[in-house]
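Features of the protein shown, as given by TrEMBL:
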type     : residues : note
COMPBIAS : 1-16     : compositional bias 'Low complexity'
REGION   : 1-48     : region 'Disordered'
COMPBIAS : 24-48    : compositional bias 'Low complexity'
MOTIF    : 53-81    : motif 'Q motif'
DOMAIN   : 53-81    : domain 'DEAD-box RNA helicase Q'
DOMAIN   : 84-256   : domain 'Helicase ATP-binding'
DOMAIN   : 283-427  : domain 'Helicase C-terminal'
REGION   : 446-503  : region 'Disordered'
COMPBIAS : 468-477  : compositional bias 'Acidic residues'
Amino acid sequence: MPDSEAGSSASGSRSPSPAPHPPTTTSSSSSAQPIASSSKALPLLSTEPTSSTTFSDLGLLPELCTACTQLGFKQPSEIQRECIPYALEGRDIIGLAQTGSGKTAAFALPILHALWQDPQGLFAVVLAPTRELAYQISDQFTALGSGIGVRVATIVGGMDTMAQQVALAKKPHIVVATPGRLQDHLENTKGFSLRNLKYLVMDEADRLLDLDFGPVIDKILKVIPREGRRTYLFSATMTTKVAKLQRASLRDPVKLEVSSKYQTVSTLLQYYFLVPLKHKDLHLVHLLHTLSGLTAIVFVRTVVDAQRLSILLRLLSFPAIPLHGQLSQSARLGALNKFKSGGKTIMIATDVASRGLDIPSVDLVVNYDLPTNSKDYIHRVGRTARAGRSGKSVTLVTQYDVELFQRIEGVIGKKMDEYPLGASGKQEALLLSERVGEAQREAIKEVKEFQMGHGGAKGKGKRRRDDDERDRDDDEREAGMPVKRGGGRGGRGGGRGGKRGRR
């Protein structure tokens, strides 16, 4: 999970001024702050993986190193080896790394190290774009800080405000929050203040800004002290919005980029499977049958398909569960917990699950629907082959998806192989037609009954939008902000008209 380049240079004692990181380059963006580039401004850091580097070599507390060992983190990952030495030197950091690289521990460990040295209430705030990611980050802080008695509060929309006020009154060291609900407490919770905050983290910053949380973040920044505060900004990509670093008030930040190109990890086997559109469900069922015993996430474009396929698969005795933005917060957390614990081994998900969530030991990712944005493909398949493990992805390609599929191949710079099912395998799939057809009809019936029982599909169908947009709307309501209508940015609706074509 941690970073990986401060190994040899960070072992032993380190100078209080990070000698290996002279700010020899300056950002060419509109940011007023110079940004050191890890590839050009870190000449003393090894460009080769340093397999012998340990968490202790990075200068972390023994208690934190012990926690890492107990959690199964044998050695720092690349982003951790890069970030932790700079963080311990007191630098602001921009961390760019591919999914599954261990970004959470890269900022959590130095914050916990600093907390142990200078303990105080409300030491750090971490902003996350979605509720599930916020809970995941909180769990990571709690586990890593177990040896130093860290107190963590999770403040997100969709949960009881009064209970959160009680949690904040207990003076937690770390608050992990979605922006809207945090701003709501800043305005309405008596005695809650960020005046003495020492650390601010914006995780998945590209998503935070892309989901128009900018105005809320600006309000939060106005009540956080500029002096004596360290700011970390972590992101999968450096978008135009993320590049406007004045918003984050980073001071002389060091930019650490582990992966600058859109790419997938080398331990991931990627396949495609040509299927007729009318037989898409049939071939999904057959694929999951041939790969039974594996934990799998099946990505779909719409909430309706997530519901329908989860019902269909359960009717065929597959342990499937849906995850999408129309579920209540408790239902979403329940689905994640069942999947993580192994109670359910197949998750049918919209792109609400494609980024940020730490779901360990996913063996297989299936793209039932292709994402219209190539970067979303990378985030989806990044749910498997994490932290050095191997994994497999299979993308179902219909006669209408060929051009989009070829565009994705061009972005990742890789030609995928056809899944080795063979002609006999396709014939075997056709033998399941009758059973799958019956399950399809029953699943459609159940989805319609569910919609009728919840006021019909009209109200929600009118403004289908990205699942993450639903989270943003909830948080903005709680922060007293007007909610935009019309399906995402620029008033565009769902489907191909929306930014990512998700609904």
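These residue numbers are counts, starting from 1, taken along the chain as shown.
The backbone N, Cα and C atoms fix where each Cβ goes, glycine too.
Keep in mind it's a predicted model, so treat the numbers as computed, not measured.
Counting residue by residue with DSSP, the motif 'Q motif' (53-81) contains 13 helix, 0 strand, 16 coil. On the 0 to 100 pLDDT scale, the domain 'Helicase ATP-binding' (84-256) averages 91 in the predicted structure. Broken down by DSSP into helix, strand and coil, the domain 'Helicase C-terminal' (283-427) contains 62 helix, 25 strand, 58 coil.
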